[in-house]
Amino acid sequence: MASRDLAESLLPVGGGAATATATAHDEYDERAYDSDDKVSIAVSDSDSEDGGGGGGDAMRPAFSWRKLWRFTGPGFLMCIAFLDPGNLEGDLQAGAAAGYQLLWLLLWATVMGALVQLLSARLGVATGKHLAELCREEYPPWATRALWAMTELALVGADIQEVIGSAIAIKILSAGTVPLWGGVVITAFDCFIFLFLENYGVRKLEAFFGVLIAVMAVSFAIMFGETKPSGKDLLIGLVVPKLSSRTIKQAVGIVGCIIMPHNVFLHSALVQSRKIDTNKKSRVQEAVFYYNIESILALIVSFFINICVTTVFAKGFYGSEQADGIGLENAGQYLQQKYGTAFFPILYIWAIGLLASGQSSTITGTYAGQFVMGGFLNLRLKKWLRAMITRSFAIIPTMIVALFFDTEDPTMDILNEALNVLQSIQIPFALIPLITLVSKEQVMGSFVVGPITKVISWIVTVFLMLINGYLILSFYATEVRGALVRSSLCVVLAVYLAFIVYLIMQNTSLYSRLRSAMTKST
């Protein structure tokens, strides 16, 4: 009872206090958005009516550009995870090491990422709940807390790279005046920007991220224009698959960076920012339709930006001595040495794009952290408190990294690789629950995915798990030293694999029979 009283003291105030016990309990349950915060998608009086009989079997309303505009926003926040500093580093390293050869893989990785994100949006719209909430309802408490811990680890790993990326950009733009740790401190305050904008409504927040994406698009398009990559080689790279043993590492990096575990949870929550009557099938169909369109448009923009970065470095550094040692910090210097100042110092164009990438991705990471914490743990804390808790999870370890590591130190490369592995191992804990839930008619109702979509989704999941398994084994073989450490990691790996098997088997008839047999025997 005391814990309930403490939690209630931290709940947002307003909206009319509930007097009935049942209503009070509903108010206590975590929700992605309060009804007052949601955006109305009605563009005419007919939108407030049931388009044909209350049963909900009415057809989806006709297409409307104004309606599409009302739904536009969540997909662009989602696509920022495809443009974070980790992705940009993967792009530039792929271009420098493999030239145009891996562009086809970037295309198909984006397609796979689109499939996952569309399933996430479908889940959120059809159920009115986001993935973290549904995991809390679907799995026992111990599994829920394990999934929460894994997702938080992935968030911290991603946020460290994103904050460091922002700090590098600030260091470049200040001509080295602001040290790395200073850039981390500046970036830490972005949660206050987030809180400030969130108080002014969802649309203002979405517009802010739209500006940051536009800054990235313009910056990297200018770089593309100044360096003039080969259009012919670009098209060949997109349609002709090529992969050699020398570029395996870059290929794995491209695929591994596209699927961010926290982004799957984030998108299922973002789509609930619109007022949708989930009791009317036609309205849910309409929302899924428009969200699919705006998500695909957003991912086309992100793909264009990733293509620009990859081809710029393919044109400038493929086959050069710098190709193997290029990274986020020295990339701008290399570009400046090679291309100089045709329109504006290309070093600063790179830094501006990197800063927009880092700032947008760290703020969306804070946003995702709130939904993840609230959904898994059923916490409805005040916005400022949730943001501060989520921010501190990443800023404290990032500050330690900034103080004790130099970005040009080889140890930083090992740390970066370790962070990539940390995020990679969390992918099954987002994808397996997602596919399990969208395949359950009890959860999705008539919006359950069909058998073909289900099979394709599992194929993509297994492929991504194998790709990331390669990354894990490569890191284990090259960076892990000592018999004690290796044996300890083997034990952890066994537990990790057992948990994945549990998540896959948990909703099968075989698992039910085994559990029933074990219950009877005990």
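Heads up, the Cβ atoms here are built off N, Cα and C, so glycines get one too.
Residues or ranges marked as region 'Disordered' by TrEMBL: 32-56.
Annotation comment: TrEMBL describes 103-125 (among others) as transmembrane segment. Below 8 angstroms of C-beta separation, residues 32, 74-75, 78, 82, 91, 94, 131, 134, 234, 237-243, 251, 254-255, 258-259, 263-265, 267-272, 276, 278, 284, 287-288, 291-292, 295-296, 299, 302-303, 306-307, 310-311, 431, 434-435, 437-438, 443-444, 447, 449, 453, 456-457, 460, 463-464 of the same chain, each at least six residues beyond the ends of the transmembrane segment (103-125), sit close to that stretch.
Long-range Cβ contacts of the transmembrane segment (178-197) within its own chain (Cβ-Cβ under 8 Å, at least 6 residues beyond either end) map to 163-164, 166-171, 204-205, 208, 358-359, 362-363, 366-367, 383-384, 387-388, 390-391, 395, 398-399, 402-403, 406-407. Taken from TrEMBL, the feature transmembrane segment covers 178-197 (among others).
Feature annotation from TrEMBL assigns transmembrane segment to 209-227 (among others). Sequence-distant contacts of the transmembrane segment (209-227), counting only residues of its own chain at least 6 positions beyond either end whose CB sits under 8 Å from a CB of the stretch, comprise 73, 76-77, 79-80, 83, 301-302, 304-305, 308-309, 311-312, 315-316, 335, 339, 342-344, 346, 349-350, 352-353, 356-357, 359-360, 363-364.
Beyond its flanks by at least six residues, the transmembrane segment (247-266) meets 77-78, 81-82, 84, 86-87, 90-91, 93-94, 97-98, 101-102, 105-106, 109-110, 112-113, 116-117, 120, 130-132, 150-151, 154-155, 158, 364-365, 367-369, 371-372, 375, 420, 423-424, 426-427, 429-431, 434, 464, 467-468, 470-471, 474 of its own chain at Cβ-Cβ distances under 8 Å. Here TrEMBL flags 247-266 (among others) as transmembrane segment.
Nonlocal intrachain contacts for the transmembrane segment (287-314), taken as residues 6+ away from its ends with a CB within less than 8 angstroms of a stretch CB, comprise 41, 60, 67-68, 71-76, 78-80, 82-83, 87-88, 91-96, 98-100, 102-103, 106-107, 110, 113-114, 117-118, 121-122, 125-126, 213, 216-217, 220-221, 223-224, 227, 229, 233-234, 267, 271, 274, 276, 326, 331, 335, 447. Residues or ranges marked as transmembrane segment by TrEMBL: 287-314 (among others).
If you look up TrEMBL, you'll see 347-372 (among others) marked as transmembrane segment. Residues of the same chain lying 6 or more positions beyond the ends of the transmembrane segment (347-372) and with a Cβ under 8 Å from any Cβ of it are 32, 77, 80-81, 83-85, 88, 130, 132, 148, 151-152, 155, 158-159, 162-163, 165-170, 172-173, 187, 190-191, 193-194, 209, 212-213, 215-216, 219-220, 222-223, 226, 262-263, 265-266, 269, 328, 331-333, 335-336, 383, 386-387, 389-391, 393-394.
Counting same-chain residues at least six beyond the ends of the transmembrane segment (384-405), those with a Cβ under 8 angstroms from any Cβ of the stretch are 10, 152, 155-156, 159-160, 163-164, 167, 180-181, 183-185, 188, 191, 194-195, 362, 365-366, 369-370, 373-374, 411-412, 415. The feature transmembrane segment is assigned by TrEMBL to 384-405 (among others).
The transmembrane segment feature in TrEMBL is assigned to 425-443 (among others). Outside the transmembrane segment (425-443) by six or more residues, the chain places 116, 119-120, 122-123, 127, 131, 134-135, 138-139, 147, 150-151, 153-154, 259, 261-262, 264-265, 268, 449, 454, 457-458, 461, 464-465, 468, 472, 496, 499-500, 503-504, 506-507 with a CB less than 8 A from a CB of the stretch.
Residues or ranges marked as transmembrane segment in TrEMBL: 455-477 (among others). Counting residues 6+ beyond its ends, the transmembrane segment (455-477) has Cβ neighbours under 8 Å at 112, 115-116, 119, 248-249, 252, 255-256, 259, 417-418, 420-421, 424-425, 427-428, 431-432, 435, 438, 449, 486, 489 in the same chain.
Feature annotation from TrEMBL assigns transmembrane segment to 483-505 (among others).
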